[in-house]
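> I have a structure here, written as C-alpha cells, and I will follow up with some questions on it.
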Amino acid sequence: MEASSSGITNGKAKVFHAEGGVDLQGCQLDMQTRPDGPKSGVDFSEILNAIQEMAKDVNILFDELEAVNSPCKDDDSLLHPGNLTSTSDDASRLEAGGETVREKNKLNGLYFRDGKCRIDYILVYRKSSPQTEKREVFERNIRAEGLQMEKESSLINSDIIFVKLHAPWEVLGRYAEQMNVRMPFRRKIYYLPRRYKFMSRINKQISRFRRWLPKKPMRLDKETLPDLEENDCYTAPFSQQRIHHFIIHNKDTFFNNATRSRIVHHILQRIKYEEGKNKIGLNRLLTNGSYEAAFPLHEGSYRSKNSIRTHGAVNHRHLLYECWASWGVWYKYQPLDLVRRYFGEKIGLYFAWLGWYTGMLFPAAFIGLFVFLYGVTTLDHCQVSKEVCQATDIIMCPVCDKYCPFMRLSDSCVYAKVTHLFDNGATVFFAVFMAVWATVFLEFWKRRRAVIAYDWDLIDWEEEEEEIRPQFEAKYSKKERMNPISGKPEPYQAFADKCSRLVVSASGIFFMICVVIAAVFGIVIYRVVTVSTFAAFKWALIRNNSQVATTGTAVCINFCIIMLLNVLYEKVALLLTNLEQPRTESEWENSFTLKMFLFQFVNLNSSTFYIAFFLGRFTGHPGAYLRLINRWRLEECHPSGCLIDLCMQMGIIMVLKQTWNNFMELGYPLIQNWWTRRKVRQEHGPERKINFPQWEKDYNLQPMNAYGLFDEYLEMILQFGFTTIFVAAFPLAPLLALLNNIIEIRLDAYKFVTQWRRPLASRAKDIGIWYGILEGIGILSVITNAFVIAITSDFIPRLVYAYKYGPCAGQGEAGQKCMVGYVNASLSVFRISDFENRSEPESDGSEFSGTPLKYCRYRDYRDSPHALVPYGYTLQFWHVLAARLAFIIVFEHLVFCIKHLISYLIPDLPKDLRDRMRREKYLIQEMMYEAELERLQKERKERKKNGKAHHNEWP
C-alpha cells in the first residue's frame, strides 16, 4: 500500500496556484527504476545503447540530457499565475502582477498584511491570561533573534490573539547551518553496470511487450496528475560560507514550508521568557498557560472548485487530499515523498511502515484464506465430522450441573464442521508460515527503512542533544553535575532515587496486571454461572445452544471491560511514568509506550489465553468435578472441542476493536469540528466562516493528540499481535487485518489532512521502540502457536490415533481412512449412578430410548467404571501427552532455527544501496572539490583582470 513497496515511477507534478501564490510540487512517487536508472520514467534505451558503445566498464546515465549542470527546482518554484502548460514567467510580467499577487496573498491567510512575508508559525494566547509579563519578555526576545512578528485578534472572540511569525532569509540561513539542514546542491547522477548487447536486446523486447499490457491501476498515473517532473538532487548540510554551491532560484522558496516551520520552532525552544537558566523554551510557556496553542499553518484549503486534472492543485494540502486522503484513491499507492515533505520524516515513516505492513499482509491473507477454503473443500471428506454427525446413538453427559440435559453427539454436528474449517491438515503449515512471515516482514522492513533513510537524507542524521524535561529540572535542580557532552552543569538524579522510583513503578505495573487477571476471573465466573442459566432458558434456541450463547455474551462483556480498563490504564501509565521522572522527552515517551503496550496487550489477550490454554483443561471428570471456591463447576469445552470458542473470541474482539478504533480516530474529530462550526454559525451567521483567515480555520481544528503517533502505532501493534499470536486458531485474522488496514491508511490520511491542525514536521530515522516490541511479539507467536496446535486443537490426538491405534496402525499412513473410529476412541464412558448429588441432572435420559440411561460419554482418555482403577488415565492419554510435548519442542526449535537463518541470510542494507551510498559520497567530494576549484580560478582571473595578481597562488 505504499508507492515504494512495489516500485512506482518517481516524479513530481508541476501544479499551479490558480491565484498565483507560491509554487507547489505535485505527488512525489517512489521510483521503479532506481538505483539502475533515473526517476523520470522516460525510455532511455537509445541513450543506453549509445553510452554502452562508448564505455565498456561503467555507463553514466544522466537524469536529463543536461544532467550535471541542470539545477534542481526549489520546493515551491513550480507555482505561479498562469495555466498548467507554462513553466517560466517573464520578469516584467511578475513585476506587473506583483500588486495583484500581494492582494491575493493577503486574502488567503498565509501571509502578513503586506502580502510579502509568509507566515511560518502561529502562537495563540488569551488577553485575559495572567502570564502577560513572561509573554512580553518572550516576544521581545523573539524580535531580538530576528524573527518578524504580527498580531491579530480572532474574528470569533476578541480575547483570543494570534501571533504570526515570519523568519527572514538571514535567520533561516543562520539556524539552518546550526541545525545541519541538508539542502540540494547538484542533480544526481546515476550509473549503470556494463550491459552486453544480448541483454540490451532482451530488455528492449520486454519493454515493447509491456506496452501492450494494461497499466497498473494502483499507480498514480501521469495522465491523472499531468506534468509530473523528476526532482532528485544531492544534498549537503547548508553552509552560508559555501552558499554558492547550493542551487538557489528564489530565496523565499529555497526552504520549503515544513523546514521553515521546523527552524522557527527550533528558535522558539531556545528563547528565554524570564531571567534564570531554566526559564527558556516555548514548551514551558504552553505548559504554564502563557500560550494556548502553537502550530504551523496548513497551506490553504484542501478543496477546490476546479478539478485537479484540469486546473492542477491549489496547494500541497489539496494535492495530498486528492491523491492520498480521498476515498476515491483507496487502491492507489501512497505518495510517501509528498507526505514526508508536508508532515515531516517522522509521520512519513509511520505511513511508510503502515503501507509496508499492509502490503506484506497480502500473502498472509491469501494463505490464511487458502487454509479456510481448504477446510471448506475437504469438509465432506472429513472422517471425524462424519462420525460426529452420524453418532445418533452416542449420548453425551451434561456440560453443567442439574439443568443441562443429556445430548446426542450428533447435535454438535454443525460445530464439528465449523471446527474443521479452522482446524485441518493445513493449519500446521500455516502456523509455520506465519512465524516465518513475521521474521521476513521485520527483516525486509529494515531494508526498506534503509532505502527510505537514504532517499530522505536520514542516513547521517543524528538526534540533537535533547533538552531536559521541565519537571525533571524542577525536581532535581538542587543537585547538579557536568554533562559529559556539553560540559555544562545540569540537574542530576541519584541512583538510589532512580531505583526506588523504578521499583514503585514496577509494583504499580504488577498490580494493574493483577487487576486484569481479576477481570478475567470475573468473566470465568460469569461463564460458569450463565451456562446453567441458559440451559434452563425458556427459549429453545438459547436452551439448545447454551454454550455458544454463553461464549458470545462473555466475549461482548469482556470487550466492554477491555475498553473501560483501557481508560484506567492510560491514567495509571501516565502517573507511573511521571513518578519515574524520566530525564528527556524521548525517555519519557519510551517508558510510557512500554507501559501502555504491556497494559493493553495483557488486557486484550488475557481472556484469549484463558480460552486457548485453560478452558476445559482442569475440569476433572463426571463424578469428580473440580469446582471454583468449592461451589461452581468449571466450564467444559463443547463436545466438538474448545477451538470454536477461541475462534469466536478472536473474531468478535478483533472486529469490534477495529471498528471502535476507526470510529474514535475519525468520528470523534469530525463530531468535535462539526460542533465548533455549528457554534460559530449560531453566533455569527453561516456566511462568516467563509471569510476566516487560515490561522483561524486551523485553530478551530483539533490538535494532534498529546502522545503524537502513539495511538496509531499501538493500534497496529496490537493488531499485529492478533494476526500472529493465535493465528493457528483463526486463519482469517490476516485477511481481517488487511481489510482494516486498507481503510486505516485512508482514515489516518483524511484525519491528518482535514481534521487535525498541521503537526510540526519532525525528523526520525526509524519507528523507535516499536520495532523491539514487534520482535518480541514475533517470538511469542512461535510459542503460542505451538501450544495452540498441540493443546487446543485435536491435531496431535488425531495423529497419535492414526499411527498407533487406528486401522492403519503400524503402516505409516495417516489418511482419512485411518481415522475411522477416532470419535469413539476419544470418548470415555461414565456410569450415571456415580454422579454427585449436586451434579445429578434433573432428566434421566429416558427421552432417548424410553428407559433411563445407565451410561453417558465424555471427552477424555479414561478407563471404564468397571476397571481396577475406575476412571484412571489410559495408556493412550500418556501417548497423546508425550506427543504434544514433543511437538511443542520440535516445532519451536524448528521455527526458531528458520527465523534465525532468515535473519542471517537477509542483510539489513541492500547491496545496491550500499554501492550507491559509497559512490554518492565519492561524487559529492569530487563535486565540492570541483566547485571550490572553479571558484578559486574565477577569483584569480578577476584579480589578474584588475591587476591585483599575487605570487604563490594556489592553484
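Cβ atoms here come from the backbone N, Cα and C positions, even for glycine.
Just so you know, TrEMBL annotations are computer predictions that nobody has curated.
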> So which range, 47-68, 597-618, gets flagged transmembrane segment in TrEMBL?
597-618
> Which is it, of 642-666, 767-791, that TrEMBL names as transmembrane segment?
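That would be 767-791, per the transmembrane segment entry in TrEMBL.
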> Looking at 395-417, 717-739, which one is transmembrane segment according to TrEMBL?
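TrEMBL lists transmembrane segment for residues 717-739.
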> Which one of these stretches, 350-376, 426-445, 597-618, has the most C-beta pairs shorter than 8 Å to the transmembrane segment (502-528)?
597-618
> Take the C-beta pairs under 8 A between the transmembrane segment (350-376) and each of 426-445, 548-569, 597-618, 717-739. Which stretch has the highest count?
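Comparing 426-445, 548-569, 597-618, 717-739 against the transmembrane segment (350-376), the winner is 717-739.
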> Under 8 Å between C-beta atoms and at least six residues away from its ends: which parts of the chain pack against the transmembrane segment (548-569)?
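That would be 415, 512, 515-516, 519, 522-523, 526-527, 530-531, 534, 542, 596, 599-600, 603-604, 607, 635, 638, 645, 648-649, 652-653, 656-657, 660.
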